[in-house]
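Shown next, in structure tokens, is the structure this report addresses.
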Amino acid sequence: MAQGVLWILIGLLLWSDPGTASLPLLMDSVIQALAELEQKVPAANASHTASAWLLSASNSGLHTRLYHFLLGVQNLDAAELHPYPLSPELQGLIKEVAQHDVREGQEYGVVLAPDGSTVAVEPLLAGLEAGLQGRKVINLPLDSTAASREAGVTFPDVVAIAPDVKATSSPGLRAASPDVTTADIGANSPDATTGCPDVQASLPDAKAKSPPTVVDSLLAVTLAGNLGMTFLQGPQTQNHPDLGTEGCWDQLSVPRTFTLLDPKASLLTTAFLNGALDGVILGDYLSRTPEPRPSLSHLLSQYYGAGVARDPGFRSNFRRQNGAAVTSASILAQQVWGTLVLLQRLEPIHSQLQCMSQEQLAQVAANATKEFTEAFLGCPAIHPRCRWGAAPYQGHPTPLQLPLGFLYVHHTYVPAPPCTDFARCAANMRSMQRYHQDTQGWEDIGYSFVVGSDGYVYEGRGWHWVGAHTLGHNSRGFGVAIVGNYTAALPTEAALRTVRDTLPSCAVRAGLLRPDYALLGHRQLVRTDCPGDALFHLLRTWPHFTATVKPRPARSVSRRSRREPPPRTLPATDLQ
């Protein structure tokens, strides 16, 4: 039934009126469309596949070749399709989210999820389809350049998933491998081919060994193909600073337009990587779930809600941790390399792939995987200011002189209860900003970042502007607060891991925080009980904690310090 529902979407795309008014670009709207289809699709259509819809939205290029070959899509004539009636609003929505793209600083084919994240629908559905098909693999190398399946060619190398393709799952966050090299993914590859001297000159001479032997359909159609091709098209740089670009919706209640914060962003935006990870996680889950499987609308409602099978850790809020547990860096690197090899065999061959040696493909795969695991999986998900509805900065921000040498840990005290969902955390951020601006007379919310118990970090003054969090020391370190009162209780493990591990390590990698940074509790520098007795006693056991520190005179604080009153001992909400 699930496959039948997704198959019908191709008909809806072909018959949709382009001028039809659409629903808001929300994940709830996508789930609503699936639920309506599930009520109308007869059981006889359960053998049809989702990839037909995906192909209809992307009728040329990388996606078509992979969808045809790995998901078994055939070219279909419109006359063969018999769409089931959907409301005009849902038809308009499906048309809008059919294909992911980035054009002129805007991102298309994305929706806003209940957890505040933006998700590309295409890689999500591709992963669901691959999972419904049992997560097949293709044996490599193929004997010759392969035509797509639509030509009627049969491929005996399609097999059930091999046990060694999947990494052992882990309930926690697998540490991203910092040393992904071609040695991890390679032995004995063919000699380099001729051609493309610019590409060959720009890549190091990799000694690839042990070329990949299989391609996992799930990883190929979600992450591996896009990672490989994006890094292939920019071989002169091993790091892609635009990997994981965020953006802002025109409005959160009825989102219609998503504008990227970097107008030169690649296709590997945060929204795309979110959708790809969700596709991998849920596709893996479906491939391991026996019949009868849950309906897709029910599965997505749980995943973007309270958690699949009532597991709060198995939801979109924790996609980075769960994605790292589904596949390791070394396996992903093999799959990126293998998918590039496969694309070399599929017609029409991409011009850059035609003349790439196996050593060069291995190097591209290593670069792409290293950047993805370190710069995306290895970093916390940060909601930008526009996502939580920040008011404008009042005045002119003072730039920080980076990298900084300190990380100051706070609790908010008020709000006292931890925030466990996006709506509550965003409301808390707006409340704190109003208090800091309107009552305290500060330019903005004082903290650099605020950590919720919902799996997300919320941007305050951010990485580049002097905050108002630690009197006399604002220009020397970042102020990070965890929402809640931690005088007697501790934050969630996810929040603690963010402050202890992922946020500072990501900042060090980006050159924002010195590798030898010192971690301090607010009370070590200012007369206050912040960050609470329970949390401070735990901080004393963390790496980088510094017990002895000499406070700086308060007069060296930012230029607006004269307007900001000194803190009281209690409560700990007066930061300056």
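Every residue gets a Cβ built from N, Cα and C, even glycine.
The stretch that TrEMBL tags with region 'Disordered', taken from the ranges 170-191, 302-323, 434-455, is 170-191.
Per-class residue totals from DSSP over the domain 'N-acetylmuramoyl-L-alanine amidase' (393-532), listed helix then strand then coil: 38 helix, 31 strand, 71 coil. Averaged across the domain 'Peptidoglycan recognition protein family' (380-526), the predicted model reaches a pLDDT of 97.
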